[in-house]
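What Swiss-Prot records for this protein:
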MOD_RES   Ala2  N-acetylalanine
MOD_RES   Thr105  phosphothreonine
MOD_RES   Tyr184  phosphotyrosine
MOD_RES   Thr394  phosphothreonine
MOD_RES   Tyr634  phosphotyrosine
MOD_RES   Lys737  N6-succinyllysine
MOD_RES   Tyr899  phosphotyrosine
MOD_RES   Tyr1206  phosphotyrosine
MOD_RES   Lys1441  N6-succinyllysine
MOD_RES   Tyr1477  phosphotyrosine
MOD_RES   Tyr1487  phosphotyrosine
REGION    2-479  region 'Globular terminal domain'
REGION    24-67  region 'WD40-like repeat 1'
REGION    68-107  region 'WD40-like repeat 2'
REGION    108-149  region 'WD40-like repeat 3'
REGION    150-195  region 'WD40-like repeat 4'
REGION    196-257  region 'WD40-like repeat 5'
REGION    302-330  region 'WD40-like repeat 7'
REGION    480-523  region 'Flexible linker'
REGION    524-634  region 'Distal segment'
REGION    524-1675  region 'Heavy chain arm'
REGION    639-1675  region 'Proximal segment'
REGION    1550-1675  region 'Trimerization'
REPEAT    537-683  repeat 'CHCR 1'
REPEAT    833-972  repeat 'CHCR 3'
REPEAT    1274-1420  repeat 'CHCR 6'
REPEAT    1423-1566  repeat 'CHCR 7'
Amino acid sequence: MAQILPIRFQEHLQLQNLGINPANIGFSTLTMESDKFICIREKVGEQAQVVIIDMNDPSNPIRRPISADSAIMNPASKVIALKAGKTLQIFNIEMKSKMKAHTMTDDVTFWKWISLNTVALVTDNAVYHWSMEGESQPVKMFDRHSSLAGCQIINYRTDAKQKWLLLTGISAQQNRVVGAMQLYSVDRKVSQPIEGHAASFAQFKMEGNAEESTLFCFAVRGQAGGKLHIIEVGTPPTGNQPFPKKAVDVFFPPEAQNDFPVAMQISEKHDVVFLITKYGYIHLYDLETGTCIYMNRISGETIFVTAPHEATAGIIGVNRKGQVLSVCVEEENIIPYITNVLQNPDLALRMAVRNNLAGAEELFARKFNALFAQGNYSEAAKVAANAPKGILRTPDTIRRFQSVPAQPGQTSPLLQYFGILLDQGQLNKYESLELCRPVLQQGRKQLLEKWLKEDKLECSEELGDLVKSVDPTLALSVYLRANVPNKVIQCFAETGQVQKIVLYAKKVGYTPDWIFLLRNVMRISPDQGQQFAQMLVQDEEPLADITQIVDVFMEYNLIQQCTAFLLDALKNNRPSEGPLQTRLLEMNLMHAPQVADAILGNQMFTHYDRAHIAQLCEKAGLLQRALEHFTDLYDIKRAVVHTHLLNPEWLVNYFGSLSVEDSLECLRAMLSANIRQNLQICVQVASKYHEQLSTQSLIELFESFKSFEGLFYFLGSIVNFSQDPDVHFKYIQAACKTGQIKEVERICRESNCYDPERVKNFLKEAKLTDQLPLIIVCDRFDFVHDLVLYLYRNNLQKYIEIYVQKVNPSRLPVVIGGLLDVDCSEDVIKNLILVVRGQFSTDELVAEVEKRNRLKLLLPWLEARIHEGCEEPATHNALAKIYIDSNNNPERFLRENPYYDSRVVGKYCEKRDPHLACVAYERGQCDLELINVCNENSLFKSLSRYLVRRKDPELWGSVLLESNPYRRPLIDQVVQTALSETQDPEEVSVTVKAFMTADLPNELIELLEKIVLDNSVFSEHRNLQNLLILTAIKADRTRVMEYINRLDNYDAPDIANIAISNELFEEAFAIFRKFDVNTSAVQVLIEHIGNLDRAYEFAERCNEPAVWSQLAKAQLQKGMVKEAIDSYIKADDPSSYMEVVQAANTSGNWEELVKYLQMARKKARESYVETELIFALAKTNRLAELEEFINGPNNAHIQQVGDRCYDEKMYDAAKLLYNNVSNFGRLASTLVHLGEYQAAVDGARKANSTRTWKEVCFACVDGKEFRLAQMCGLHIVVHADELEELINYYQDRGYFEELITMLEAALGLERAHMGMFTELAILYSKFKPQKMREHLELFWSRVNIPKVLRAAEQAHLWAELVFLYDKYEEYDNAIITMMNHPTDAWKEGQFKDIITKVANVELYYRAIQFYLEFKPLLLNDLLMVLSPRLDHTRAVNYFSKVKQLPLVKPYLRSVQNHNNKSVNESLNNLFITEEDYQALRTSIDAYDNFDNISLAQRLEKHELIEFRRIAAYLFKGNNRWKQSVELCKKDSLYKDAMQYASESKDTELAEELLQWFLQEEKRECFGACLFTCYDLLRPDVVLETAWRHNIMDFAMPYFIQVMKEYLTKVDKLDASESLRKEEEQATETQPIVYGQPQLMLTAGPSVAVPPQAPFGYGYTAPAYGQPQPGFGYSM
């Protein structure tokens, strides 16, 4: 049996199988912050990628194009932290958003997620914590200790509260890896350096401690060996015992001298420390004691990153091959392993208790029994309570404690046991029952309540039954927790909590007999019964039939409760509930009419029998409800006339339900019955329903009863909303007839619907005492003239005054007009005007009077108003008109009066006097009217002056339009008169702008010449001069030069630039020259005129540096480099040195460039200038000057110049320059080109650059300087990336020996790498195969085996190929190679060793064939090796086919223990062939897997008797007894025949054998057979047979034995019968006792119940009786 292992080892996935490049599986490119994600940085082609592998979905890796130095995934969510240089960013991959970013001042050398939202950042100097939340920046936690200087940081850990921080690093010292740690306390702000390689924090609660301790575990491999330390950090919490320090040795195998710890994780679930070393060993330690539990190697490659594995509470890691591995505690095995393998039962017990692990059952049971036997019951109780998985918490344990009597004054062992269990957690079902039974007997119910609240007891039906006898409410709690529905509902009912029954039944899906339950509740409390009934029907589907529920109510005559219930149950008003609605109303109309009235009033129901209910309502005196339900008009008319018995408001609403004809009939009946009593109701009905009944019908109804009062009130209620003219007119009529004059006034004033003409005529005819209604109508509808005539002719003049004074003063003008029309006296009119005093429109009054040519009538009144200070324009307008008509100095009035309306008066004057119209319009700025008057009357001078003074651009724009036929005479007047007269600059400015806006350049020039050139006030005005020149540029270019020369006060630069933009280059040049702006002048010559000769002459004439600079720049652009450089020198201007240098480089003017750069260096010591000067000196071959320059102080980029010289093959100059800057790499390259190889090697050594070494090396190879080339090559080959190029360079030129010599020399280098060993092996395979084997045996572990494999195969080095396949674990290929090339490659030991490791089992059979062909004598040895994995059936079939079974007999014997049919049959055949019957019998006895019958049939014909005996034996084994016995009889095997007959248990067969013995006269055999087949033979048959053959003597022993057995049986039967009779006699003597107390059913009620009806609360009630199937124990 294989040894049990305490760990479970699992490979989760292989990263290479997911497409991850093996080169990217390493500490610097792969991170794993938790067991959720693995993050790898890869480069695919030229694109950098980050690959994220979700461990829950590893087959779908996420690839993102991200270029970063490092990437770490959040431990729980798809959030990634990226680092590029000093920039840190946090991204949410799912949201595709950046969460946070920060730029560090120092490089981050290591970082790690220490929690779900915090990243730790480690720089060379300090450690920071950076929170993912909010906007916070990284917070510095502590400075790094000097002991970690120069270390590679490999981990950073914190404790759970982040109060202790640990930084871990490693470094190489004295040929070993030394670990350094810095432990930092956040609270104390102090650090402690510690030597250690791997560490972790853990929270551990010691036995007896109230709080957890913070433990710090670290492992170290020092010079003295390995140690694991476990200590408590900080001060222990109050009340805690300090954790004792632990320091245990860590074992490292002798072959792992350089091994050291690399990772540590602590399982919180199992309190186990997982320690992993660099060589792939796993160590498990108990956290509490430090004991080593297990150690083994789990990986041949280094596991470089680990994390806790949450699913198994173990550790997960990745090794350099890309395997993702996990190790965890095997919970089923670890305790047995510690007990049996480690022989540490104390540790096994401790871990089993502490971590609740199985496997220590026997230990616990043994310890418990021992303590119990010693009488140490308290300790035994602790052991039983603490045993893992509750293995000792059994009824047997409780019975044992119960059997121990309590000592006086001490707690009983049972209670001690229960006390410990209660402290630890919940009791199970049996424990709860056994604890509660004595507690309840002692009356300590409060303890039970306390335990239930603390959830210490497992509730069950039995416990509820136990508690119910004491407290039903508490029992209810138990039943609820135990989920016993029938008992719960029973308790709810008994405790009066009926409101909970339905809710609970629904919750648990239990359905009791609801009606029966309701009856029982109703007996106890009708109110609770009502509440319960409502709960039964509150859902969409009632739990019980409502009719049955109502019957229950009615059984107890509970009308009120039944009503309440039905009101709630029928609230949805369903059609199916009609009979119930009728029943509800009927019971209330008969017993409680008011309640029925209220129900009907709420209109809850609509599906009851309305006719039946109507009759009942009328009988109950509910006339209103009866009307609601009547449908016959006769019934309605009979009831509706009794309005004193009806609610008026309701009655009005009731009419809304009647048809139009029925309503009118009812109204007529009501008025006929009692008009005085019913008039008001009729009016209300008419008012509300007039639209439906038609207003005309209602008017006719009231008029038919001559009820003007009713008509007035009816129409009064609708007149305010009606649009019917007839309604309004009838209302006015009714109001007049009822004397409601005020209402007549109101309706005449407010209504807009009546016919005014009809009303006016009616009011005239009505001859009312008060004429105000007529006045209102005439005023509103413009009948004022008729009104005045009517009143004046009827001598009602006082109403005229009332009208204009009180009703509408604004109508005075019309009234005055009317009075004038009836020739009323002027004095009356004047007095009337004076009385009203301005509450009317003066304009209208003037218009009325003016129409009748009586305007002067108003002069006194107007003057009086003006004298009073009236500013009303209408008054002044009227007065102006009178003055104009009377020619009373009108112009003065028009100029001085500020109140009249200019437009009105101007319009009045246009035909009378245009000049006065202009005055009026000008005063009011009536622009358009004034322009029209001036244009029509040719007043252009006045218009031009007005426009200049007006200063309105829009107005100017309107008159200067081209479409204006009067534009030209107007412009002439503006130029000649208006502008000449003005002195206001603004007027001039607006006028000029208007001409510009109107695009009149020629007219503008004419205007400006008048202003500027004619010595006016504005001659020296700068803007006007500018404008004149600009306008000339635009309109008449021939005048521009004249204006430039004549004018002096203009903006020269601006004008010049405008001239340039208009291509007037000569004019621009003239302006610049006139004002001495020489730089601009020469720029015009260069850029616009394009004449460099004129520019050169102009520059010589003015001789200004700026001018020379401009010219030089132009010459440079034209390619005149020499002339440009001369001009720059004359300008003493080095500013354009870059352009000059570029131009000189292009044209090759190096001598001139030297002069220019020497001038420029004097002005500005620019680095570029000095750099170019050096290059120019080199180009002119002035090496002495160059050397002198570079040896002096300078700012030149000498390296850059050297590279340029090198590129242009100026190697002498380059040599000087590289030597000056000590660039030995480039110096070496230069020396190579100069042929100085030794000096080049010395330079390369100083440069120590791979590129330089390569260049010099290749040059030396080309120069056949192989010694120097090898010196260079040894510095190249250590770089794996460069090796291939170097090898190809040698090989392409055929220098194989030199290349091999160089690589052999390189193997001893300290930095020798796999590529060197690999390439040398390949070279050996090609050119020196004899050295290949030795090289591989020495260095196979350091070569790239796949690459060398291909080379060896190509070179046909089969032995070496097999060796490599073996080392590379490609065993299949190794075997195939040996079989394909046995002469060179096959070795017996090696073949047998490798063949067991192959993956393809088919190779076994090829190997068998190979051995059979080439090594047949060794075939059995091979088969022994192959047998564990060989298909023996197939092998046997093969050997049978090739007829070589005897050859492999040893193999067949060795594998026969598998009981394989083919093997067994083959061996049996061999044994038969060899006539080895003993071996055959042994084989068939030991191995039964073969065709028994076939073998038996074959053997029964064999010539040897022993084989025939075996055939009989086989027939017997297959229940072919007769055949077997017959065969034995045939071969005289009497003993076998008797034995087989006995074993057959066949009486007939045994008797036949007896007969045969007698026939053959074998009497001794007959006697022997009687005893052999004793149990099968019938004594009578034997007696008869013996008597017949006269052999009684031979049968007598048999008969004696038979007689003995029969007598013994008879004696036993006799004794048994006697005993039975005695027992029956004793039973009959006992009296029969009646009246024995019968057991009550267990679920019967436990409280006293009064006598009940047969179906009360007795035993037959389903809710409280014996549990029904489906709800009790019978489930």
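Keep in mind that glycine also has a Cβ here, set from the backbone N, Cα and C atoms.
Structure coloured by features recorded in Swiss-Prot.
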residue	record	DSSP class
Thr105	phosphothreonine	coil
Tyr184	phosphotyrosine	strand
Thr394	phosphothreonine	coil
Tyr634	phosphotyrosine	helix
Lys737	N6-succinyllysine	helix
Tyr899	phosphotyrosine	coil
Tyr1206	phosphotyrosine	helix
Lys1441	N6-succinyllysine	helix
Tyr1477	phosphotyrosine	helix
Tyr1487	phosphotyrosine	coil
**Request:** With DSSP as the reference, give the number of residues of the repeat 'CHCR 7' (1423-1566) in helix, strand and coil.
**Result:** 113 helix, 0 strand, 31 coil
**Asked** How do the residues of the repeat 'CHCR 1' (537-683) split into helix, strand and coil according to DSSP?
**Response** 107 helix, 0 strand, 40 coil
**Prompt:** Taking Tyr899, Tyr1206, Tyr1477 as the modified residues to compare, which has the smallest set of other Cβ atoms within 10 Å?
**Reply:** Tyr899
**Asked** Looking at the modified residues Thr105, Tyr184, Thr394, Lys737, whose Cα is closest in space to that of Tyr1487 (phosphotyrosine)?
**Response** Thr394
**Request:** Can you figure out which of Lys737, Tyr899, Lys1441 (the modified residues) comes closest in space to Thr394 (phosphothreonine), comparing Cα atoms?
**Result:** Lys1441
**Asked** Who are the long-range neighbours of the region 'WD40-like repeat 1' (24-67) in its own chain, taking Cβ under 8 Å and residues 6 or more past its ends?
**Response** 12-13, 15-16, 18, 73-76, 78, 80, 82, 84, 93, 112-113, 154, 304-311, 316-318, 320-322, 324, 326
**Asked** What modified residues in the list Tyr634, Lys737, Tyr899, Lys1441 lie within 10 angstroms of Tyr184 (phosphotyrosine), counting C-alpha atoms?
**Response** none
**Fill in**
Given the region 'WD40-like repeat 2' (68-107), its same-chain partners at Cβ distance under 8 Å and 6+ residues beyond its ends are 31, 33-34, 36-39, 41, 48, 50, 52, 62, 113, 115-116, 119, 121, 123-126, 130, 132, 137-138
**Prompt:** Measuring Cα to Cα, how many angstrom lie between Thr105 (phosphothreonine) and Tyr1206 (phosphotyrosine)?
**Reply:** 40
**Prompt:** By DSSP, what is the split of the repeat 'CHCR 6' (1274-1420) into helix, strand and coil residues?
**Reply:** 115 helix, 0 strand, 32 coil
**Request:** Find, for the listed modified residues Tyr184, Tyr634, Tyr1487, the residue with the lowest Cβ contact count at a 10 Å cut-off, counting only other Cβ atoms.
**Result:** Tyr634
**Asked** Out of Tyr634, Lys737, Tyr1206, Lys1441, the modified residues in the record, which is closest to Tyr899 (phosphotyrosine) when you go by Cα distance?
**Response** Lys737
**Asked** For the region 'WD40-like repeat 5' (196-257), what's the model's average pLDDT?
**Response** 92
**Message:** What are the sequence-distant neighbours of Lys737 (N6-succinyllysine), meaning same chain, six or more residues apart, C-beta distance under 8 angstroms?
**Reply:** Phe708
**Neighbour count (Cβ, 10 Å) for Thr105 (phosphothreonine)** = 7
**Request:** Could you tell me how many residues in the region 'WD40-like repeat 7' (302-330) are helical, how many are strand and how many are coil under DSSP?
**Result:** 0 helix, 20 strand, 9 coil
**Asked** Restricting the comparison to the modified residues Tyr634, Lys1441, Tyr1477, which residue's C-alpha is spatially nearest the C-alpha of Tyr1206 (phosphotyrosine)?
**Response** Lys1441
**Prompt:** Can you count the other CB atoms that lie within 10 A of the CB of Thr394 (phosphothreonine)?
**Reply:** 14
**Message:** I'm trying to understand the geometry here, so how far is the Cα atom of Tyr1477 (phosphotyrosine) from the Cα atom of Tyr634 (phosphotyrosine), in Å to the nearest whole number?
**Reply:** 129
**Prompt:** What counts of helix, strand and coil residues does DSSP assign across the region 'WD40-like repeat 4' (150-195)?
**Reply:** 0 helix, 33 strand, 13 coil
**Message:** Cα-Cα, whole number of Å: Lys1441 (N6-succinyllysine) versus Tyr634 (phosphotyrosine)?
**Reply:** 121
